[in-house]
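Colleague: Pasting a structure here, questions to come.
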Amino acid sequence: MKIMRAIKSNTERMENNNKVLMLMVFCFFFCSMPNLSTQKTFTTIAPNQFMQFGDTLVSAAGMYEAGFFNFGDPQHQYFGIWYKNISPRTIVWVANRNTPTQNSTAMLKLNDQGSLDIVDGSKGIIWSSNISRIVVKSVVQLFDSGNLVLRDANNSQNFLWESFDYPGNTFLAGMKLKSNLVTGPYRYLTSWRNPQDPAEGEYSYRIDMDGFPQLVTVKGARILYRGGPWNGFLFSGSPWQSLSRVLNFSVVFSDKEVSYQYETLNSSINTRLVLDSNGISQRLQWSDRTQTWEAISSRPVDQCDPYDTCGINSNCNVDIFPICKCLEGFMPKFQPEWQLSNWASGCVRKTPLNCLDDGDGFLPYTNMKLPDTSTSWYDKSLSLEECKTMCLKNCSCTAYANSDVRDGGSGCLLWFNNIVDMRKHPDVGQDIYIRLASSELDHKKNKRNSKLAGTVAGIIGLIVLILVTSVYRKKLGYIKKLFHKKEDSDLSTIFDFSTITNATNHFSNRNKLGEGGFGPVYKGIMVDGQEIAVKRLAKTSIQGSEEFKNEVKMMATLQHRNLVKLLGCSIRQDEKLLIYEFMPNRSLDYFIFGLNFLTNQINFSKLSLVIM
């Protein structure tokens, strides 16, 4: 009995232990599972609120959302902005791009001074908006432009900080690439290190503020690609006419500020410009039809896009070979290198500039991407003629152009010393006027006159050729009319007279086979190697057109193995030719009436076989 009680007691104890163990396992799994019910969606973030992984901040119309994300490692979190309704997720901005969190417990919140912070449980503050002003109460809001804004809670227009002032690798509509020339710093795009690492990479996309503003892509301090100078619509190296139909670009440049931005002309257009980790910039537009981002422009476009491809004082044109050519009045600095397509040394002047009154002039180039403007000078108030006069007054001035193409052109842009990175525009470019010594312009004028004379001579030659061809066709028509009737449908080929002349070595006596009542017969060899016999009717022959016609008709219609075959005929003015197949063993009469008649003793029976 005691044994039974002991067994029962042990059984109850084990059941209780199992219940406790099951409770502990349940609590462990319950606590370890993501608490989906706690994931929150915000429209604004107030001082008493914070965001963690899984929480999202959504713009008013649901265009964008912001939150924590990672690239597969939950211990390394980033806070970023992406399109809410586009898949796969497209990141357009990252706050802590250079300093990912080191655990999964990071939070985004407002501190007591009103700044926006990302705090990491192991490291404290790893990123902050660092506003200089202290406000009583601030809120965070994400706009439908993709701009994350920290603003005064009591004044919606009082922005304390905004993400658009700190661009990453993506240029959105409404964002500005800008610089305060008084206080700085300069805001521009920087590439990611790679598609899985948003930290700042090697490449940047910016406005070059030296000289006249131009768009450049650089690696460190080295220019890789140039988007050209501002032309009033867009930076002129881009396909600005097509882009300006859907986007409105604007540049502000003054003594205090340079800024560049764009807006969409249609709210349904979803577009962005991205600088990738290889330094390639692409203008992308979302397609609802294909559900993909489609590239509408890109740089580099072709072989001429890399900066200074052809060296100084040259022109790059992908439509010719080789693509590089010295400007008119210039020659390769090192000809052997140039012939090996090594254009780095560029071109030098054939004749130095004169710099005297009427000593120099200008040669226009049309539809060009204008040269590097980093050492240029500009005045937006001058006309093109005033610009030319200004250039001639300065011996170092080498070219001029309008700085603005709108309304027929205005403003003045001057280049000094060497012309760098000029190319034929792949879309619609501008006119530029290159300075040359007058002697070079005279030489160019003479070459143009020679070319014009050659063109005129070519046109005259073409007219003569057309007339000759017309006469020839009329002659052929006469010949065809001579022979072409219903009953003459099987007549032979009409040969070109010059073809037969060449075949008979210009009717050489060496080719002569004999002569009959109507003229001599010549052996000829056609281009394809075929041997022919040509009967050339004597100009004094009494055989006229009718007799000629009758012979051709008769020989063309008679077919017999022992009759020579007529291949065709030819007529030029009063000369008439009959072309027969060549008989290498001579004619039949030679064997009947020639020297072999007595030796071969051809009898009547053999003659009857010949006739048959």
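Every residue gets a Cβ built from N, Cα and C, even glycine.
The annotation domain 'Bulb-type lectin' is assigned in TrEMBL to 42-163. TrEMBL lists 355-437 with the feature domain 'Apple'. Taken from TrEMBL, the feature transmembrane segment covers 452-472. Here TrEMBL flags 507-612 as domain 'Protein kinase'.
I'd like these features described in context: how deep, what's nearby, how far apart.
Modeller: On the 0 to 100 pLDDT scale, the domain 'Bulb-type lectin' (42-163) averages 91 in this prediction.
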Colleague: Helix, strand, coil: count each for the residues of the domain 'Bulb-type lectin' (42-163), based on DSSP.
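Modeller: Within the domain 'Bulb-type lectin' (42-163) the tally stands at 1 helix, 56 strand, 65 coil.
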Colleague: Count the residues of the domain 'Apple' (355-437) that DSSP assigns to helix (H, G, I), to strand (E, B) and to coil, and report the three numbers in that order.
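Modeller: So the domain 'Apple' (355-437) is made up of 12 helix, 35 strand, 36 coil.
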